[in-house]
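Student: Structure provided below as structure tokens; questions to follow.
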Amino acid sequence: MNRLKIFVAQNSTFIALLALIAFFAIMNPRFFTFNNGQTILLQIAELGLIALPLAFLVMSGTLDLSVGSVASLSAIVSATVMVGTGSALLGFAAAIGVGVIAGALNGFLVAYLKLNALVITLGFLSVWGGLALFLTDGATVTGFPESFTALGTQTFGPISLQVIILILFTAGAWYMLNRMPVGRNMLAIGGNSRAAHLMGINVQRTQFLLFVLTSVSAAIAGVLLSAKLHSAPPTVGTGMEIQALTVVLLGGVALEGGAGRISGVIAGLLFVGVLRNGLVIMGVSQFLQTILIGATLVVAVVLDGSVQRLLKRSWNNLSGPAAKREPAAAEA
């Protein structure tokens, strides 16, 4: 029974995802089609690019709520550079620069100065979002070179470029977490940062680099969104931080850090994508969709605490006091 509880707790998002797919398929036959599956993957690609590195941050015991505004500002800066120079490459480089600067600021203030991550990143959420609006006076930037707008519709067979990039990001994230020292380090830091430091892990540098990685990924997501839309609204990334955090927590990443699986994050990403797509097909208004996504985040936080307590009790019952660690901290 304890093993069954552990299995259900660790795979609850997969089970909920299958139930959600079945529900929408029954409610509307247009949902369960190959073309709609392609649409869902295309819709969640950029969100996945943000959620995967954000999951690393949460695993290490911190978080970044400025990623949506970083995506918006990066899109605006890259668009402005592209329109001014005609070079998609320069625009992309400018976006990466924005991501590096934003991530370095967050990382320095949180990892090195030990300031509160929630307060700092919420502050930068406002700063970067306001700067994107200031630079454009609230207007959408258009007039991209054709070499850039082509990226938004580029496909390789039935798979879009954005989905391929997401697949590559996912493979890289899995390898980083499970095959590289930094993966073990981030879990150790999230589990107990003081013990990790005593083990010789550079806690500050690890978290600093994770902040930079998260912001750079958000910048790439903002650029890809611009390519998809053929324009760069200054609010293109608004709300993505909440959606990304919802994905991370639905994916079983412990909010206090120290535990998480890439497969779980992808399940959370698919859950959010299926939920949004199914609601659109059923004709639910965008305002109600926003409410439901927010409610999903609240449920994810509540379930996170319940699941972690259940796993601790079940693992203790299975292994006794000699247990050295909990199963949630390792990738299945």
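Just so it is clear, glycine is given a Cβ too, placed from its N, Cα and C backbone atoms.
Straight out of TrEMBL:
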type     : residues : note
TRANSMEM : 7-27     : transmembrane segment
TRANSMEM : 39-58    : transmembrane segment
TRANSMEM : 65-83    : transmembrane segment
TRANSMEM : 89-110   : transmembrane segment
TRANSMEM : 117-136  : transmembrane segment
TRANSMEM : 156-177  : transmembrane segment
TRANSMEM : 208-229  : transmembrane segment
TRANSMEM : 262-281  : transmembrane segment
TRANSMEM : 287-307  : transmembrane segment
Student: Might you confirm whether the transmembrane segment (262-281) is in contact with the transmembrane segment (7-27), defined here as three or more C-beta pairs under 8 A between residues 6 or more apart in sequence?
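Tutor: These two segments touch.
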Student: Looking only at the recorded stretches 65-83, 89-110, 117-136, 262-281, which one has the largest tally of CB-CB distances under 8 Å to the transmembrane segment (39-58)?
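Tutor: Ranking 65-83, 89-110, 117-136, 262-281 by Cβ pairs under 8 Å to the transmembrane segment (39-58) puts 262-281 first.
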Student: Give me the stretch from 65-83, 89-110, 117-136, 156-177, 287-307 with the greatest number of Cβ pairs under 8 Å to the transmembrane segment (262-281).
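Tutor: By the under-8 Å Cβ criterion, the transmembrane segment (262-281) pairs most with 287-307.
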Student: Pairs of Cβ atoms less than 8 Å apart decide it: which stretch in 65-83, 117-136, 287-307 has the most with the transmembrane segment (89-110)?
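Tutor: Maximum Cβ contact count belongs to 65-83.
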Student: Restricting to the same chain and to residues at least six past its boundaries, which positions have a Cβ under 8 Å from a Cβ of the transmembrane segment (208-229)?
Tutor: 42, 45-47, 49-50, 52-54, 56-57, 60, 62, 64, 66-68, 70-75, 78-79, 91-92, 95-96, 98-100, 102-104, 106-108, 110-112, 144, 148-149, 151-152, 162, 165, 169, 182, 186, 236-237, 240
Student: Who are the long-range neighbours of the transmembrane segment (117-136) in its own chain, taking Cβ under 8 Å and residues 6 or more past its ends?
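Tutor: Distant contacts of the transmembrane segment (117-136): 62-66, 68-70, 72-73, 75-77, 80, 102, 105-106, 109-110, 234-235, 238, 241.
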